Structures are given as C-alpha cells and as structure tokens.
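Student: Next up is a structure, given as structure tokens.
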Amino acid sequence: MEAEKKHSSAVSNVGAWAMNVISSVGLIMANKQLMSPTGHAFAFATTLTGFHFCTTALIGLVSNATGYTTKKNVPLWELLWFSVVANTSITAMNLSLMLNSVGFYQISKLSMIPVVCFLEWLLNGKHYSSKVKMAVVVVVIGVGVCTVTDVKINAHGFVCACVAVLSTSLQQISIGSLQKKYSIGSFELLSQTAPIQALSLLLLGPFVDYFLTGKLLASYKISSAAFFFIVLSCSLAVFCNISQYLCIGRFSAVSFQVLGHMKTVCVLILGWMLFDSELTLKNILGMSIAVNGMIIYNWAVEGDKPMQYRKDATSDVKVLIKQVDGSSLLKDVELGKSQG
C-alpha cells in the first residue's frame, strides 16, 4: 500500500511538472507569434495577462458552480496583498524587459533562485544543504552561459529589475504559504486570486502597455488569426497558472525556480526548430550544464528527505513528551536516559 502511494505521488509530481513545462513553452511560442512584429504585432503584454487571468477566473467560477471544487475561506486582505504582489511582479517584469538589455534581464531572472532561498530562510526559517546550494549554482551558471549575451545597466532598469525579482520571489513563496496555512488546494487558491488580478490588470493594463509601447489598445486592428492566437494564449495560460500553483504547493518555490529552467532549455531548442533561431556551441554547452545541475538538484533534494523526516519525527516526539509529562522528562529523553 505504501509503495502504491509513493508510485502514485511520483506520477502526480511528474504530471504536474510536465503540465507546467508543456503549457509554459506552448504559451511562450503562442505569444511570440502573437506579439512579434513579424507575427500579429499585438504588443499589449500586460493587457494580455489580464485576459489570461480573466479566463482562469471564469474556469474557476464554473468549477465552483458545478461543485467540482469547493470554495474555502481565505481572508480578503491576504488575497488583496497577494494580488498586489503578483501584479507588481508582472508590471515590473515588463518594465525591466523594456528598460534593460536582454543580458541583464536574464541575469535578473537567474538571481531569483538565490533571492527565493534567502527569503525562504528569512521568512520561514528554511535551511538548505551544501549539495542543494551546489546544484543551484550549477543551474545558474548553465542557464547564464546559454542565455546571457550583452549586459548593459541603467539606474531605472536596475530599480525595476530589483522590484521584479523581489515581488516575483515573494509571490511564489506566498503561493506555497497560503496553501499550507489555509489547507487549500492549488486550483481553489487560484480561483480566488484570479478574479482580483484579472480586474486590476484589465483596468490598469492598457495604461501600462501605452507607457511601455506608445500604442493604444483601441487602435489595434484585430484579425481572425490574431484572435485565434489570443484564445490559444488564454487557454494555455489556464494550464500554466494551475500547474504553477500545483508545483509550488507540491514542492517549493526554490524547486519551481530551479527545475523551471528546463523551460528555458526547451524554448531555445524549439526556437531553433520552429523559428530558425541561432543555436550556438555556447548555447549547447550552457544547456548541458543546466540540465546536469537540475539532475544534481533532484539528487540532493531526494537525499535530504530522509534527514528532514528524522528531524520532523524527533520534533514531534519531543512535543508529545513535553505535553504529557513536562520538560524534565524531555531532558532525560534527549540525553538518552530512562526513569526506570
């Protein structure tokens, strides 16, 4: 029975990661076709994200109405706080991409892994073994080698990048924290945060996009092909959003960041296959290092699990003994003595 549970859990974990990688890579490819000047030139990224969350909110509403999911109470102020952080992340990321060189933008994205590790330690007291830290460094180096090219820094871009990294890291940590705090499922939490994000992004998005691009949403002439890609983008975004919450709830924000760079590798390969993007020896070397780093990370995390289990079990025993007999017996148990 225990073996069946482990096998079922492993299959679910692989399914969650596969859904996230496939939907994320598909979303990037669809958005590239929709937003690029050689595609349909829909340059309104923030508004498009509002469409994504509007679709996700609609799916959540239907799910709750049909009884497929049940709504659990999460304080409104926590949902509002989370939505502010998440929307700040989206806006700051778009501003960072506009104001910085592609190289510095990639470096800022890579810095999210150590920032998430630091915030997990600061907010949740979480510690990481030297093996995990080593694996994270390998992944960062690998992705950096294959993605970072020109690096130019300016004051405004640097501030936007810092805000983007901090808010994105906080958002991803909050996803896991809220699920654990209120014993709420990934989709149940998403269905409560999505309407708030959708409303705020649809109201503010056109103004942010005008600031970023100088183009008005109302002036865009939509074609049937562009409409198809908007619908495709929204559909893929639903799966992407659900799988993000699912993965962070099952694992951690750090694991989501580390293993999430598999998407970077897939995007580079698909860009070379579908869009004639250049794939250099430097790219291939970086991807190889990154994939090896992910393998090492998985090995390190799996190796730490028995140790963490022993710590948790010891802690539970100490708490139980303290509740039953008081602190004097606890000291004797810790010293390995008996009261015979």
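Backbone N, Cα and C atoms are what each Cβ position is placed from, and that goes for glycine too.
Heads up, here are the entries from TrEMBL:
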DOMAIN    25-298  domain 'Sugar phosphate transporter'
TRANSMEM  12-30  transmembrane segment
TRANSMEM  42-62  transmembrane segment
TRANSMEM  74-97  transmembrane segment
TRANSMEM  103-123  transmembrane segment
TRANSMEM  132-149  transmembrane segment
TRANSMEM  220-242  transmembrane segment
TRANSMEM  254-275  transmembrane segment
TRANSMEM  281-301  transmembrane segment
Student: Can you say which of 42-62, 132-149, 254-275, 281-301 has the most Cβ pairs under 8 Å with the transmembrane segment (220-242)?
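Tutor: By the under-8 Å Cβ criterion, the transmembrane segment (220-242) pairs most with 42-62.
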Student: Short question: most Cβ pairs under 8 Å with the transmembrane segment (103-123), which of 42-62, 74-97, 132-149, 254-275, 281-301?
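Tutor: So the stretch in question is 132-149.
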Student: Based on Cβ pairs under 8 Å, which of the stretches 42-62, 254-275, 281-301 lies most in contact with the transmembrane segment (12-30)?
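Tutor: Looking at each of 42-62, 254-275, 281-301 in turn, the most contacts to the transmembrane segment (12-30) are made by 254-275.
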Student: Looking only at the recorded stretches 42-62, 132-149, 281-301, which one has the largest tally of CB-CB distances under 8 Å to the transmembrane segment (254-275)?
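Tutor: It is 281-301, which has the most Cβ pairs under 8 Å.
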Student: Sequence-remote contacts (6 or more beyond its ends) of the transmembrane segment (132-149), Cβ cut-off under 8 Å?
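Tutor: The answer is 102-103, 106-107, 110, 113-114, 117, 254, 258, 261, 264-265, 268, 282-294, 296-297, 299-301, 304.
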